[in-house]
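I'd like to ask some things about the structure below.
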Amino acid sequence: MNSFGRLFRVNVFGESHGASVGVNIDGIPAGIPLTQEDFLPDLERRKAGAKGTTPRKEEDLPFIKSGVFNDHTTGAPITILFENNNTRSTDYEKLREFPRPGHADFVATHKYGGFEDYRGGGHFSGRLTLNLVAAGVIAKKILGPGISVKATLKEVAGLPDAEQGLEAAIAAKDSVGGIVECVVEGLPIGLGEPFFDSVESTIAHAVFSIPAIKGIEFGAGFAAARMKGVEHNDAILDASGKTATNHAGGVVGGITNGNPLVFRVAVKPTSSTPKEQHTLNIKSGEVENFSVKGRHDLCIALRVPVVLEAVAAMALADFMLLEQRSNRVFKN
């Protein structure tokens with residue numbers, strides 16, 4: 001559904017062209033310093049406007065509606081709203097007849113019987129990643145300064161140079177995908193459970209809430225399939241668990257081993273592309289040529305790093321609370 005987490009529980013709501021999108025977060029320890037300004041750096045990283053991103057610009061100011069008093073968390077659920085002001089819903093009126101390839105238009109209509117808000121992708125829109133970033137800001141505070149969560153763009157359109165990848169997309173007049181890597185340092189040994197609540201499965205669960213994510217790998221990932229066992233195994237060097245290599249990506253048996261947690265995600269090309277495509281005309285029953293109008297990202301991967309950090313922090317903050325490594329009352 002629309003919720004994630006066991007103790008640090010995140011619930012997202014809203015639609016792209018509705019009045020607002022927002023997030024409700026339960027399980028936050030009391031006493032964490034928190035103001036509107038704390039959210040701004042990460043929200044700014046997610047914003048549109050840079051080369052290769054959508055021209056749609058919103059202020060993206062977080063309005064804290066509950067759970068904060070005297071600039072500190074109270075221990076009650078926190079609700080944060082983001083207003084939608086720069087919408088152009090007329091761009092989407094034609095979509096009732098032409099479901100966009102690669103988007104949720106067709107399946108959403110079938111699942112919700114045509115009652116869904118289709119404007120701008122509705123509840124399926126990447127705009128709802130604002131909610132994830134906001135939750136991630138709080139999650140990072142729970143993790144504390146000793147744990148760093150950092151994601152970087154590694155590849156655009158198959159090229160390690162993002163600028164070159166974007167230029168290739170502009171020349172082709174088409175959208176492109178990318179690869180983003182996240183590294184978490186400072187984690188204690190022992191987070192995670194075997195099987196269904198492993199660190200990998202929990203992070204993957206959160207990661208796939210980000211629209212456009214099509215794959216994830218930890219450590220050596222798919223390259224491990226081409227390695228020998230002695231090559232892939234990480235030799236343990238000392239009692240702290242430090243290893244000579246990190247092909248496991250910081251997780252063994254679903255449990256953190258004290259080495260950096262490393263994973264990468266594949267981000268598909270933006271489904272809304274300037275190129276003419278063909279799709280079913282629901283009204284006529286015929287497959288017809290179709291082009292997507294509106295304001296869209298050329299490469300959504302450019303805006304994914306801060307969102308990836310957020311969902312990783314959400315998952316790890318939940319583990320920290322479950323392991324009682326974070327107190328219910330925050331202490332500096």
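Just so it is clear, glycine is given a Cβ too, placed from its N, Cα and C backbone atoms.
Okay, so Swiss-Prot annotates it like this:
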{"type": "BINDING", "residues": "R46", "note": "NADP(+) binding site"}
{"type": "BINDING", "residues": "H123, F124, S125, G253, K268, P269, T270, S271, S272, R295", "note": "FMN binding site"}
Is the residue listed as 'NADP(+) binding site' helix, strand or coil when read with DSSP?
helix
At the level of the C-alpha atoms, what whole-angstrom distance separates K268 (FMN binding site) and the residue listed as 'NADP(+) binding site'?
17
Of these binding-site residues, R46, H123, K268, which scores lowest on Cβ atoms within 10 Å?
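Minimum Cβ neighbour count within 10 Å, taken over the binding-site residues R46, H123, K268, occurs at K268.
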Within 10 Å of its Cβ, which one of these binding-site residues (S125, T270, S272) has the largest number of other Cβ atoms?
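Counting every other Cβ within 10 Å of each candidate, the maximum falls on T270.
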